[in-house]
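Undergrad: Quick one: the structure is below, and I'll ask about it shortly.
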Amino acid sequence: MQTIVEAEEGVLLIGRRERGVHKTVMIKITNEIVRQLMEQGGFYSLDRPGEFITVVDVQLVAAMIHPGGGRNDIPQRLKRQFSIFNCTLPSNSSIDKIFGTVAAGYFCPERGFAAGVCQLATALVPTTRRVWQAVKAKMLPSPAKFHYIFNLRDLSRIWQGILTVKSEACPSAEILSALFHHECCRVIADRFIDSSDRRTFNAIMEKITVEDHGSALTEHAQWDSFFVDFLREAPEATGDEAEDTELEAPKVYEPIPSLDVLAERLSVFQLQYNEAARGGAMDLVFFKDAMSHLMRISRILRTPQGNALLVGVGGSGKQSLTRLASFIAGYQTFQITLTRSYSSSNLLEDLKTLYRLAGQRGKGVTFLFTDNDIKDEAFLEYMNNVLASGEVSNLFARDELDDITQELIPVMKRQQPRRPPTSENLYDFFLSRVRSNLHVVLCFSPVGEKFRTRALKFPGLISGCTVDWFQRWPRDALVAVSQHFLSQHQDLHCSEEVKQSVVVTMGAFQDLVAEKCAEYFERFRRQTFVTPKSYLSFIDSYKVIYGGKIADVGTLAERMQTGLCKLMEAEQSVSQLSEELVLKEQELAVASQRADEVLQEVTAKAQAAEKVKQQVQKVKDRAQLIVDEIEADKTSAESKLEAAKPALQAAEDALQTIKPADIATVRKLQKPPHLIMRIMDAVLLLFQRKIDTVTADPERPCPRPSWPEAMKLMQNSAFLSMLLHFSKDSITAEVVELLAPYLDMDDYNLESAKRICGNVAGLCSWTQAMADFFAINKEVLPLKANLALQEARLVVAQTELSKAQEQLDEKQQELDAVQALYDAAMKEKQDLEDGRLRPVPQDVRWTDSSAGFQTQIKHLVGDVLLAAGFLSYAGPFNQEFRSLMLELWKTEMKEKLIPFSPDLNVIGLLVDNATVSEWNLQGLPSDDLSIQNGIVVTKASRYPLLIDPQGQGKTWIQNRERDQQLQVTSLNHKYFRSHLEDSLSLGRPLLLEDVGEDLDPILDNILDKNYIKSGSTYKVKVGDKEVDVMKGFTLYITTKLANPAYSPEVSARTAVVDFTVTQRGLEDQLLGRVILLEKQELEAERVKLLEEVTSNKRKMQELEDSLLFRLTSTQGSLVEDQSLIEVLRVTKTTAQEVSEKLSVAAETEGKINQAREEYRPVATRGSILYFLIVEMSLVNVMYQTSLRQFLGLFDSSMQHSAKSQLTAKRIGNIINFLTYQVYCYTARSLYEEHKLLFTLLLALKIDLQARNISHPEVLTFVKGGASLDLNSVEAKPRRWILDQTWLNLVQLSSLPPFTQILSQVSQNERAWRTWFDHPTPEHAKLPDGYEERLDTFRKLLLIRSWCPDRTTAQARNYISDSLGQQYAEGLVLDLDAMLAESDNRTPMVCLLSMGSDPTENIERLAKNKGAPCRPISMGQGQEVHARRLLANSMTDGGWLLLQNCHLGLDFLDELLETVTAATPEGTHKGFRVWLTTDVHPRFPITFLQSSIKFTNEPPLGMKAGLKRTFGGVTQDQLEISNLPQWKPLLYAVAFLHTTVQERRKFGPLGWNIPYEFNQADFTSSMQFVQNHLDDLDPKRGVNWSCLRYMLGEVQYGGRVTDDLDKHLLNTFTRVWFSEYTFSDKFCFYKGYSIPGRAKTVQDVLQHIEALPLVDSPEVFGLHPNADITYQTNLANETLSTIINIQPKDSGGGAGETREASVQRLAGEMLEKLPPDYVPHQVKGQLQKMGPLQPMNIFLRQEVDRMQRVISIVRSTLTDLKLAIDGTIIMSEDLRDALDCMFDARIPRLWLRLSWPSATLGFWFSELLERNQQLSGWIGAGRPNQFWLTGFFNPQGFLTAMRQETTRANLSRGWALDTVTLSNDVTKMMREDVSAPPPEDVGGVYIYGLFLDGAGWDRRSAKLSEAPPKVLFTPLPVVHVYAVSAAAGVGGGAAAAVSLYSCPVYKKPRRTDLNFIFSLQLRSVQPAEHWTLRGAALLCDCK
């Protein structure tokens, strides 16, 4: 079937990306389809298979860049379809012609340019080109500078910039040359990443300009000018414009006068921007760098088609500057709003909007696109198209396009009247408008690999943009910023110099931290960043903290000061009193007497005085009555006058408004307005001046005004002051009456007056007010008269009163005198008594405090600087680096002379003890590091991001914020958005847990606190909507990742805090737990003490505060204020009590701590164990244990360990129990290969802590002599000592017990050799007296140095010696016990490995427990079923078994939440979740930390394997058959089962392919044997051939794919399954027999228990040497893992870089690389040798393949050197080659064409040797013998030899298909061969084969056992020849000798691919023996 697709004669342009490094696979497919389209005219349909779509009328035009230099070529099959044109760059003259025409056309006198400018413009064309060419040649791209790509676009961009200048702005050649310089810098130099490149560029630029135009052109002042187009102001409005015209500032491209002018102009723009912008106001500091970047961005935006790529770390200001530049240009700024569901379709919608805005409406738009916005790499595909061509295919639907183009017709007609409006033209016009109006600004971060790979994949990102590279802010920028923010901060209490130092030091802090970040990464492999953003938050924190602190300290200091002054006064009074005390003592007696005498006198006088007093009182009362009356009248008068006050006031105010000038104006009036004349009449009347006789006025109903009189009055210069001081009481009723006609007229009011008379109007209201006043005053005047009368009466009364008073006073004085005498006497008496009691106030302490406050204020400047630095920068570092940074900062501050407290403690400065205690109660550990973390979390200016693998920080936050209704959520929670919005709008804290390395972009505005003020509240944009932000909202983010690599952006947005538990911190916590359980009363006492101390301190503080407050507020002398003196006394006594209590508390605390310290060993051990478990997660990502789980173990160990009265014994019990319990718990979840590693580390760490071993010893054990060089140590004494061994011994000799070892080995070499050759040297006696001197660990060191293969055996001895025997034996998984440990909320996870599916065991267990088990295998789409089963199981208590969960990771979070969040009522008690999973890097850590993990591997060793197998066999199963054959057969099958599994560990010797034998194989075999025995015919016995076949070919053999493996399996069944199996003598290997007499499973297990712990490989049929390889690998693996998981402390000095060392290596390899084969020479040689000979055809093929390898190696190495130099691009393949060569691996490209090898060195040597054999053969003819390893296709070589022999024997009737290979092993070695094999037999000699698993007896030419410790034995030369099978082989060897068919492999990996053929080798033992041994021949043993 065919479908024909027609196109209107279309041309399809296919473009190869400039340098796409797209997935090569994809490109191949695309190219293939294009080729098919061209050749067959179409392709097959994907929708309807088999249907061919024919495409007609399409022509293809393709374009691509030159291949090579890291760029791919297209296939030749495709290339041949095209006519090829090579488009070279235009020649220099062409380029100059093009640009010259443009330049001359623009710069011409007609446009107003001066002649000099026009000439220079034309002359600059070649100069520009030469600059461009020079830069292109010099600045080459390299991996770090991959964007240094320069093409013709750059040249046109330079000219595009130059041609925008107008003649008015370019009056002279200097300006033009400056413009030329500016444009070159902008287009070329802004992309450079360091200043050295910039300097190089400037040198090139100057050199070429000077050469072309002389130095005058570069030496003028303008040469370095910047050009901008926003300096002009908008023109003033003239009023002639249309209503809606907006006056825009003219855009003139001109040089800036100076940076200061520019900064001012930019500040104005910034203000305007902030007024216009909604939210996100900017406060930018315009330092030089910032301005230059702003000018660059502005220049790009103002150019049509200008797109920018801004590269700099987050927080450098890329986005802010872009927004401002876009605002200045008058463009809209658009940025996509990311939501969780934002995808490519949303991006396309956004692009449509932008295209409509820019193309349809012609508006300028800046599209800001950051690397945070790249949710999907496909976004870049679209951006690449927008940048490269402006066209995004299929963006608009057909109808949408039609709408757009229709609207554009009138616009296009206006702009391009000549162009017909066809749809193509319109679309083209639309796109051109889009391109000139839409400006894309990409903001990327250069950190990490992402930017480079993106730029290589999407070349448009660089070629379509002008690049601007943001450097790290220079120091002057940092200083400028701090200057800007601190100069406005007035509160700094310090001198100007100190302030300046602070500003500079802030910059220094930032730089210091940046250096430390790099060092921190080097040492601890933890990545941290500081960015300009972190610096800004540092400055902010400084201001905030300083403000807070200075306020607190200031108030306190002031109070102290006042208090002290008061106390000083009191002090003086008291001292005077005490002097007088002595005198007063004597006078006391006299005073008493006198007092008594006086007392009588006083009494008499008092009575007389009393009489007079009564008389006076009467007179007093009379006077008082009169006074009261007067008072009443006075009040009434005043209240009436009060009512008139407002009117008067108004009148006076009105008068105030009149100026003398106003009066003058009125005077000058010829004919004043009528109202003025009338007002003046009123004034005359009030002044009671003369007025004209009253005649009626002709115009108005009133008398005619007396104007002349008024003029006279106004002539008086004091007129105004007369008005102001007018006597109001002089107004009479008559005057008011005369005024009435005037005042009653309608227009006589202030409004009319104002209208008519202007400023004189005040007189009008004044006249009215005077009349009003009179009305009130009329009533007041009589009152005033009455008042006068009354006052006269009062005078009389007063005289009477004063007389009486005088009499009274006399009497009173007498009385007072006597009383005074008496009082004085009493007071003296009292004073003397009081004087003894006066307190001496507590001023000593306060004087110190007060002085302290002054210093504190002085030191605050520096203290706060440290504290703010600490808050802003210290979070991500560990304790060591935090302290280090504080020290460095202090040094820096000392140098800059900034005052700070010498003993400053950051914790003390930022938080008080009470708060810390509160935190500790909420669960924050009490060590320093944790408290510092707490401070950063609560006080930092950014929201905290906690690196919290143990979840301690999270727990603390949850407790701390519980009362504030904390909401906990996570990024992938389905209600995450609503949680976030609710928390914001309700003002609640939000905890975002378990984030990964990327945060959701939705959080950006919240993290940056971009709040929008709306009224009195704030809003924030969350995604696409605005949400209210209420006070109380705060955000906490936590991650479980132990070492996340956060991008600089995330580091800048959040305060990253490393909450990882430290060993010391955990120890303190554990100690608290121990004491809590062991010594509750102690802990209770300690807590009570703490509380008491805290409350006492608080009490003290409160008392002092109240005292200070009283002192501050008291007036007058202290000595007078009794209550205050009382407070003073109380305070003093309390202070004494408190200090006593505190000292008691300190003593008690000492005792408690002593008791606590007794238990510290338990805590220390716990801490060691926990950190070891954590370290294991570095070995395998699945080994995750949470601190919560560990604490559970810790507590249970405390409860379950044996109790004892003796503390020491109890502690011992706890430690032993805890260690073993943790060991069992952890080992259960480890793979077998890591169990030894874990136990060994456990022993080492415990011994290290106990100081039994030292750190250098452990290092020597782990590394040996790996870091030594053989040439730099003393020479080894004997050849038999291996190089590595000698290096190890040299290293060992640096440790105390071994200092003499080198000389001892040299002198006593034979004894050492004997010991070394011993099969188990760890049990043999050591020479030179070491046996007695060394303990197991030191012996381990020695064995590790000599015999790596025995390291593990000795390590086990060391473990059992150090920890106990039970640690050295393997653990058997006990599912029952594990089930008992679990509950219905804890999943159980089995980590799968080969041959270990636990399904069967779990199902069996479920059956025993009577629970339904529901297995389901996870994978795509299985979640639905899993959910259903989960729900069922939770209700009915079933077991859910999810298999292969690594295929359904997404379901796991949901599962965990369902299980852990379920209510106890909703979950059945019996419910359990079981999972099986493979290791997966993305497996959720939280899940692993919340579950019980176990592995189910077949345990190592025969004993453990059998134990496990029989552990699953029940007594019933054992007794299921009563036949005697049943139990032996069952045991034999179990033995076979363990054997096939154990052989796996020996690698290729064990099995060619490691098969996954598992429990199911054993179960089905057992079932088969049982069935077989049930049907057994007792007479005939067991049918062995059937049994062997079923086991060897079906049950186990069913898995086996390799023929030789199948043969091995069948050999086992033949040897072990026969009648002999039932005899008593039968054993599998000596010591391994069948328990024939066993009746119960227990008996069998007892028999198994007696087996050796470690098996010899011979048990499995292998040679003991097999163990050497296995054990060596095991030991090396264990040790290298230990090295890998240790924290990385940085090694030695700088050394050479990766690139340099690879470049050197590439140079050396190129030198040694053989020359290429010359095709015609090869052909010529083959002609001579006979081209059609089979061997020569084979040779020809080998040479061809060799040539391909040599070519690819040569081209890779050459390209690699160029790429490292930067001459060409570093492609993926070259980068791979670089990495591989650095790691000594073989590059991918080479491996594809060649052969595998262990290292690059071996591979390259093999290349040279192979080539030598081939070139020798071609050059000198056929060799006598062949190195079989040196051929690509050795099978082909043997076939060619067979063909050759067959042809030689055609006469004897040989046919190729009946000819087989035969062989003889000669007795010659390679060097003994002098001639080819004899003619009559033919064949070839081959050499270079090694025997693996066997030795060779050269004398009798037979196989023999391999000598001990010799792994590979070279085989002598073998003669391989062909024989005809038809002719029959001779009688052959004697019967005594059997033949073993020995397989030959190319490489040690024995796979089908590496198999060549089999050789027949003679042997005394039967062939089966060698089959079980795994004997084979290898061509290469490396």
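The backbone N, Cα and C atoms fix where each Cβ goes, glycine too.
Feature table excerpt (TrEMBL):
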COILED    567-640  coiled coil
COILED    787-835  coiled coil
COILED    1079-1106  coiled coil
DOMAIN    131-207  domain 'Dynein heavy chain 3 AAA+ lid'
DOMAIN    282-544  domain 'Dynein heavy chain AAA module D4'
DOMAIN    558-890  domain 'Dynein heavy chain coiled coil stalk'
DOMAIN    918-1138  domain 'Dynein heavy chain ATP-binding dynein motor region'
DOMAIN    1384-1495  domain 'Dynein heavy chain region D6 P-loop'
DOMAIN    1526-1666  domain 'Dynein heavy chain AAA lid'
DOMAIN    1673-1979  domain 'Dynein heavy chain C-terminal'
TRANSMEM  1918-1940  transmembrane segment
Undergrad: Where, among 131-207, 282-544, 558-890, 918-1138, 1673-1979, do we find the most CB pairs under 8 A to the domain 'Dynein heavy chain region D6 P-loop' (1384-1495)?
TA: 918-1138
Undergrad: Can you break down the domain 'Dynein heavy chain 3 AAA+ lid' (131-207) into helix, strand and coil residue counts using DSSP?
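TA: In the domain 'Dynein heavy chain 3 AAA+ lid' (131-207), the DSSP-based counts are 54 helix, 0 strand, 23 coil.
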Undergrad: What is the number of residues in the domain 'Dynein heavy chain region D6 P-loop' (1384-1495) that are helix, strand and coil, as DSSP sees it?
TA: 46 helix, 24 strand, 42 coil
Undergrad: Does the domain 'Dynein heavy chain ATP-binding dynein motor region' (918-1138) reach the domain 'Dynein heavy chain C-terminal' (1673-1979), going by 3 or more CB pairs under 8 Å (6 or more apart in sequence)?
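TA: No, since the domain 'Dynein heavy chain ATP-binding dynein motor region' (918-1138) and the domain 'Dynein heavy chain C-terminal' (1673-1979) share fewer than 3 Cβ pairs closer than 8 Å, they do not count as touching.
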Undergrad: Where, among 131-207, 282-544, 558-890, do we find the most CB pairs under 8 A to the domain 'Dynein heavy chain C-terminal' (1673-1979)?
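TA: Comparing 131-207, 282-544, 558-890 against the domain 'Dynein heavy chain C-terminal' (1673-1979), the winner is 131-207.
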Undergrad: Tally of helix, strand and coil residues over the domain 'Dynein heavy chain AAA lid' (1526-1666) according to DSSP?
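TA: Residue counts for the domain 'Dynein heavy chain AAA lid' (1526-1666) by secondary structure: 88 helix, 5 strand, 48 coil.
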Undergrad: What average pLDDT is reported by the model for the domain 'Dynein heavy chain 3 AAA+ lid' (131-207)?
TA: 85
